[in-house]
Amino acid sequence: MDLILYTVFLVISTVLAFIEQTSKKRLYFFEISVIACFFLIVCTREVNGSADTFAYVDDFYSVTLNKLYNSSNLDTKYKFEIGYSIFCQICKFLTGDNIVLFFFLIAFIQYFLIKISVRNFLLAYKISEVPNNLNYLPFFLLYISLFGFMYNGIVLRAGLSISFFIFGTSYLLRRKVIYGALFVFIALSMHRSSFFGFFAWIPLFFKATINKNKALALLSIVLVFYIFKVHVLISSFVSQYFIGLLGDIQDVRSQKFSNYLGNVNSNLSSYSIVIFFNFFLSYFIQMNTDNKPLFVKKFATINAYSTCSLALMSAIPAVSRIFDFYIIYTLILVYYLIFVDFSLKSRIAFLLTVLVYSINFYRLAILPFQ
């Protein structure tokens, strides 16, 4: 992915997002143009641009359609979960070996699922002023910065799993149990880490929110722990516990998870810039929860817990993949707070969110492979 193209796209999209949000008018031509450009960048990217992308492409090419009718032979080259393997079978049937169309289907499905999920969440909590305006460019820009580029463009399987899980959860909140359970099951069949998404159900479905003062106190304590590298000790303890638990398991995916946990870094993790910014964003969210709807308090609780948990275990590389199951709640919350009050502080928070996450994505997922 070319840095100049990436930068120009983000700058132009940000300017257009500010214009649209300030004017409160739908700029349909610009919306379609930005969305089309994003899909074009994602779908035509260099296959060798990251190890994850190469593995997914290599695995996709190994799919043969006749395997769909014999579950014992369903595993492809990289032995991914059965849900993802079936998904690849369907894509292969629709696209053949056209990898551009394969990328497009993944990006489109994820965006469609997240977009409908946002609408479902807001309707479930009877927030009527936002759903009809979900095509606003600020929402899409937040989406691609926090989620879209990484999970539409690099970590495809996890992105699909997160999208299906969030989609199913949004229907469960609307009391459409069959739809909700079905899509949650699909998510679990695509990626084993999906079960981490269940933790968000505690504040969503039960009265388990924390008030602003307690959340701010918790964030402050954990931030101090992080600054003084207490998180390294916690990460070491967690990794050793799970390595012992998985030690006798010969399953390839369990061994891969064990390797992730074992690589604990004694320095500040490579995600430190984003983690510090996560604290800033969480403070911003908590300071804007007064006199807001119930869903704001629930999503703010999820955000506070995920920020603290990620910081405490950040010395384990790739642990952020787990907590990205909660990033959609932050995306919805930030978008809503900006939508209802596009003040100077909201504009700064919006701009910094796009900037920090976009830089972090390029630095971690693209630059090492240039």
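A Cβ is built for glycine as well, from the same backbone N, Cα and C atoms used for every other residue.
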4-21, 130-147 - the range that TrEMBL marks as transmembrane segment: 130-147
Winner by Cβ pairs under 8 Å against the transmembrane segment (154-173), considering only 99-118, 179-204, 325-342: 179-204
Within-chain partners of the transmembrane segment (27-44) [C-beta distance under 8 Å, separation at least 6 from its ends]: 1, 5-6, 9, 12-13, 16, 19-20, 100-101, 103-104, 107-108, 135-137, 140-141, 144, 148-149, 152-153
